[in-house]
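Report on one structure; see the data block that follows.
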Amino acid sequence: YLVSPAAYAALGAYMFLLILVGFPVNFLTLYVTLDHKKLRTPLNYILLNLAVADLFMVLGGFTTTMYTSMHGYFVLGRLGCNLEGFFATLGGEIALWSLVVLAIERWIVVCKPISNFRFTEDHAIMGLAFSWVMALTCAVPPLVGWSRYIPEGMQCSCGVDYYTRAEGFNTESFVLYMFTVHFLIPLSVIFFCYGRLLCAVKEAAAAQQESETTQRAEKEVSRMVVLMVIGFLVCWLPYASVAWWIFCNQGSEFGPIFMTLPAFFAKTSAIYNPLIYICMNKQFRHCMI
């Protein structure tokens, strides 16, 4: 054991709690949306994509971590580490790029930079495909030799190698690529879209250009998506910051808990998206009841 057995027991219990909550709420989101035709709107396709991403994390990552924490180390070998790291990375990246698509959709619908544009089913499918392609370009390279997945923190889960300069894996270039293309760029797009969105909402309210009902509906959707972005930042920013610090300070001493806490805090992202969606979408709640 790298730390006390009680810490591994607490970790296992935490993962069990995430599975207990994460699987039902994400499955419920999928089931209710697919079962009710009026919920099958283009925007909801992207929200469904978030639920699928969260289920990847729950089934492919959380179950593995709970099992390994019961043993005190990663018992599933190289293949298990690759699978767990891949599913956790894929789920997190699909969620991030889905939020990018949602931000762009909100910007185009509310700010109207393209006149007479309507977000259709085809646009939603293109957005889904884009989020998957971008997520795969982040999750697949460590499986084929550009960087690698290794056990991290308390050695019960696997992630991208930020820790070493292992020969033959080009870990440095991959970390720089990942932080630039799969973290800074998407966040910049999200912040740009919501910056413009807030300005447009204020201007529309001042000019009373649209009916009060339309304005209220757009505001509710925008508020829901903004909350999802804030939730993503709260969950993933500590992990990204610690990973970057470790990458920039290789050779420095730090305990296993240092990386474990932000890594497992990030995993709560599989719960907050469906809960925000369920709590803030009246139509969904009516269909669910």
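Just so you know, glycine gets a Cβ as well, placed from its N, Cα and C.
Fair warning: this is a prediction, and the values are worked out from it, not measured in the lab.
Among the features that Swiss-Prot reports, disulfide bond is placed at Cys81-Cys158. The feature N6-(retinylidene)lysine is assigned by Swiss-Prot to Lys267, with similarity to another entry given as support. The topological domain 'Extracellular' feature in Swiss-Prot is assigned to 1-7, 68-81, 145-173, 246-257; the stated evidence is a curator's inference. The topological domain 'Cytoplasmic' annotation in Swiss-Prot covers 33-44, 105-123, 196-223, 280-289, and the record cites a curator's inference as its basis. The annotation transmembrane segment is assigned in Swiss-Prot to 8-32, 45-67, 82-104, 124-144, 174-195, 224-245, 258-279 on the grounds of similarity to another entry.
DSSP gives Cys158 (disulfide bond) a strand state. Taking each Cβ in turn and tallying the other Cβ atoms within 10 Å, the top scorer among the recorded positions Cys81, Cys158, Lys267 is Cys158. Secondary structure of the topological domain 'Cytoplasmic' (105-123) per DSSP (helix as H, G, I; strand as E, B; remaining residues coil): 10 helix, 0 strand, 9 coil. When Cβ-Cβ distances under 8 Å to the transmembrane segment (174-195) are tallied for each of 8-32, 45-67, 82-104, 224-245, 258-279, the top count falls to 82-104. Of the candidate ranges 45-67, 82-104, 224-245, 45-67 has the most C-beta pairs within less than 8 angstroms of the transmembrane segment (8-32). Rounded to a whole number, the C-alpha distance linking Cys158 (disulfide bond) with the residue listed as 'N6-(retinylidene)lysine' is 13 angstrom. Distance between Cα atoms for Cys81 (disulfide bond) and the residue listed as 'N6-(retinylidene)lysine': 17 Å, as a whole number. For the recorded site, Cys81 (disulfide bond), the DSSP three-state label reads helix.
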